[in-house]
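The Mg(2+) 1 binding site annotation in Swiss-Prot covers ASP111, ASP114, ASP132, and the record cites similarity to another entry as its basis. Residues annotated as Mg(2+) 2 binding site in Swiss-Prot: ASP111, ASP132, ASP136. The N-acetylalanine annotation in Swiss-Prot covers ALA2 and rests on a large-scale study or a structure entry. Residues or ranges marked as topological domain 'Cytoplasmic' by Swiss-Prot: 2-62, 119-125, 180-190, 249-265, 317-329, 377-406. The topological domain 'Lumenal' feature in Swiss-Prot is assigned to 84-93, 151-160, 208-222, 282-293, 340-346; the stated evidence is a curator's inference.
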Amino acid sequence: MAAGAGAGSAPRWLRALSEPLSAAQLRRLEEHRYSAAGVSLLEPPLQLYWTWLLQWIPLWMAPNSITLLGLAVNVVTTLVLISYCPTATEEAPYWTYLLCALGLFIYQSLDAIDGKQARRTNSCSPLGELFDHGCDSLSTVFMAVGASIAARLGTYPDWFFFCSFIGMFVFYCAHWQTYVSGMLRFGKVDVTEIQIALVIVFVLSAFGGATMWDYTIPILEIKLKILPVLGFLGGVIFSCSNYFHVILHGGVGKNGSTIAGTSVLSPGLHIGLIIILAIMIYKKSATDVFEKHPCLYILMFGCVFAKVSQKLVVAHMTKSELYLQDTVFLGPGLLFLDQYFNNFIDEYVVLWMAMVISSFDMVIYFSALCLQISRHLHLNIFKTACHQAPEQVQVLSSKSHQNNMD
């Protein structure tokens, strides 16, 4: 009883930190049902590989464990590459690129079968969907940084900046249109195609050397590295045109609003603020903080992006409003204030402070979120409740995208 009283008398900020969702949000979360549609170009042939791979996954392995393992592999392999190429202008040993290619392929494979494992073990839940998308938000950042290093985009800082943040923007838009329409839509060119393309970039860098991307194409007089950038840009335009077609044509809420009854444009404030802050700090830096430490800079803002994306997913699943105020902006805010006061503290030191603050804030929020939902739904995050045979799981329509459905 004393313990309960102590918990009840805890400061409001502490309760908000340990329990991010309100009682009303938790109730609406119980009613949430995963809804997705669309099949990308590479999904049909890869389904054969994913189905084969699933046979080797033991029934006792929880879907969230598969997701986390894939993320860990992707993060670790990318960090190895970053350690050799902190400015994305260096050339790393060939094996680091192969390691990143393998790490990304493993991540893609495990990310594709976690939903299949959930249905196989009858453990589909809102927690699994949230965990999957939350890990994807962070993986997006590491994929962008790793691929940019492989193509030596650090020699063109503006390209490095553009490719990294546009990658985050596309991921955010995918969930933005989900918040508006209530359904996650996959296009013909989607995340699977991008991941396979990045694996190819890593392999080419391994066998041709990262400097191969600096080769000038005769007649065209452009660097070879611009070709993957243009291909990526084409995919971005294709995907974003589809996303904004859904967003601008109104949502499923009252009077064409979002699933939470808010403006369909409101989520744009969050990603817009991240990008504007990143551009301002980059361009106003007296010490060229981005040019000298691009990977650290992108990772810091990537943590901010990951948390905001996680909150957007939560807003969709709980049909609630997405608020702009967030402690995760403290990190970029420190850099902004340091520039305002003429770099009173060394900008590199402040960048590291911002990285620590943003990463801890993101991890603490996501951990508290998963723990609160697991307690409310009486689920274990990394254990399956039962081992149900595959034939007992309902087969969904082939028109629905099932890869990431937990």
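From the backbone N, Cα and C atoms, a Cβ is placed for every residue, glycine too.
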DSSP residue counts for the topological domain 'Lumenal' (208-222), split into helix, strand and coil:
6 helix, 3 strand, 6 coil
Going along the chain, which residues at least six beyond the ends of the topological domain 'Lumenal' (84-93) come within the CB cut-off of under 8 Å?
145, 148-149, 152-155, 160, 209-211, 291-296
Would you list the DSSP helix, strand and coil counts for the residues of the topological domain 'Cytoplasmic' (317-329)?
5 helix, 0 strand, 8 coil
What parts of the chain pack near the topological domain 'Lumenal' (282-293), using Cβ distances under 8 Å and only residues at least 6 beyond its ends?
86-87, 157, 161, 335, 339, 342-343, 346-348, 351
Using all protein chains shown, find which of the binding-site residues ASP111, ASP114, ASP132, ASP136 scores highest when you count other CB atoms within 10 A of its CB.
ASP114
In whole Å, note down how far the CA of ASP136 (Mg(2+) 2 binding site) lies from the CA of ASP114 (Mg(2+) 1 binding site).
12
Six or more residues out from either end of the topological domain 'Cytoplasmic' (317-329), which same-chain residues have a Cβ under 8 Å from its Cβ atoms?
21, 24-26, 28-29, 32, 126, 129-130, 179, 259-260, 262, 266-267, 269-270, 273, 277, 303-304, 307-308, 311, 358, 361-362, 365
Distant-in-sequence neighbours of the topological domain 'Cytoplasmic' (180-190), which means Cβ under 8 A and at least six residues beyond its ends
34-41, 43, 174, 235, 238-239, 242, 246-247, 250-252, 258-259, 264, 316, 401
